[in-house]
Amino acid sequence: MQDISWLAWLPEQGVAYTASRIGIIFLLVATVGIVTFKIISPLISSAIRKTRLQWDDLLLNNKFLNRILWCVPIIAMEKSAHTLFEFNQAQHDIFNQFISITLTVLVASVVLSIIHTIRDVFDRSETLRTLPIDNVRQLAVLTVYIVTVIFIVSITFNKSPLALLTGISAAMALVLLIFKDVILGFVAGVQLSLNRLVRVGDWIVYTPGGADGTVISVGLTVVKVRNFDNTITSVPVYDLVSNSFTNWRGMQETGARRMKRALYIDQNSVRHLTQEDFDKLKKHPLLQEYLQQKLDDGVTVASSENLPNQRTLSNLGTFRAYVERYLDAKKEIRSDMLIMCRQLAATENGLPLEVYCFTEVDWKRYEAVQADIIDHLLCAADYFDLRIYQFGQCK
């Protein structure tokens with residue numbers, strides 16, 4: 001019977017020859033890989049772990065060493081293939097393209113490891129942690145991907161990368177039109193990072209977007225804000241750059257939050273101090289020095305002998321002096337920053353007496369201190385015979 005098995009035909013075509021050499025290459029590459037990753041890599045990793053530096057450990061954590069060592073079996077495969085096989089021109093070109101693309105991807109992965117390591121270094125540094133490194137990292141990763149794709153395409157079609165870029169430049173106008181919003185957000189993200197406008201942990205207020213809370217993520221195109229009601233608002237980076245928003249970072253860095261509240265005084269209760277008022281107020285420790293200084297400056301109290309243009313003390317002016325001294329003596333108020341009690345323009349709701357000072361940053365403590373101060377001043381106004389304006393009750 002005639003043997004029609006196709007196996008008898010294979011040796012005639014040199015399949016056994018080819019298969020044996022492929023097997024040799026496979027064994028060689030496998031041996032090199034085992035030696036590289038089972039012996040050399042652990043030795044280098046162990047030596048690196050023993051150093052006092054942190055960044056080299058972070059490189060290991062991001063697989064920098066393993067990706068570098070992949071070059072060894074790839075180069076071994078390339079050298080052994082050229083030694084054991086006699087390629088024609090077409091086979092030679094295809095094999096070289098394969099090796100070049102593999103090395104390109106490998107180099108890109110090594111660069112990505114370095115980028116991720118830089119991010120980890122920033123995250124572990126107390127001084128650098130607040131910088132918006134994620135934006136720069138995303139930009140760098142995107143750039144690596146784009147460059148890698150360009151090189152792979154140029155290798156595949158045997159074209160120069162510059163020639164490839166020139167060839168696709170005609171399509172850029174269409175790309176810009178379609179991806180206009182993405183590109184604008186991308187550019188805005190770069191501006192946001194370089195100018196350090198927003199960082200993770202900042203308290204920002206962006207009224208058009210309904211954002212009022214703490215920044216939890218700064219991306220290349222979107223900033224995520226956890227509002228104080230625990231909802232999360234996503235604000236496009238382009239909106240933050242093109243519009244105005246409030247960043248309370250300065251308050252957090254100085255450790256002082258401004259208090260700005262007004263008491264509305266009934267203007268009908270404002271009058272000159274009498275001698276009886278003066279004697280009563282001078283007994284208060286916070287006003288003794290102030291009243292004595294006024295007397296030394298020639299300011300008097302009201303009497304029947306006062307001339308119309310004579311300088312006299314008023315209960316409102318004395319109350320303002322009391323408020324400033326009371327705030328300065330209160331330990332929760334920052335005495336190294338501006339403390340002021342000032343009159344604003346009179347309104348139909350009374351005469352505003354504004355309290356301006358700086359206190360603690362913590363929200364709960366801030367509200368408690370502010371409430372204590374206003375409570376005290378509302379009660380203290382009566383001591384100066386001043387009335388707080390109440391609609392429908394003041395005449």
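Every residue gets a Cβ built from N, Cα and C, even glycine.
Over in TrEMBL, the protein carries these features:
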- 20-44: transmembrane segment (TRANSMEM)
- 64-85: transmembrane segment (TRANSMEM)
- 97-118: transmembrane segment (TRANSMEM)
- 139-157: transmembrane segment (TRANSMEM)
- 163-190: transmembrane segment (TRANSMEM)
- 181-249: domain 'Mechanosensitive ion channel MscS' (DOMAIN)
Checklist entry - To the transmembrane segment (20-44), which of 64-85, 97-118, 139-157 is linked by the most Cβ pairs under 8 Å? => result 64-85
Checklist entry - By DSSP, what is the split of the domain 'Mechanosensitive ion channel MscS' (181-249) into helix, strand and coil residues? => result 24 helix, 25 strand, 20 coil
Next on the checklist: If you average per-residue pLDDT over the domain 'Mechanosensitive ion channel MscS' (181-249), what number do you get?
Outcome noted: 85
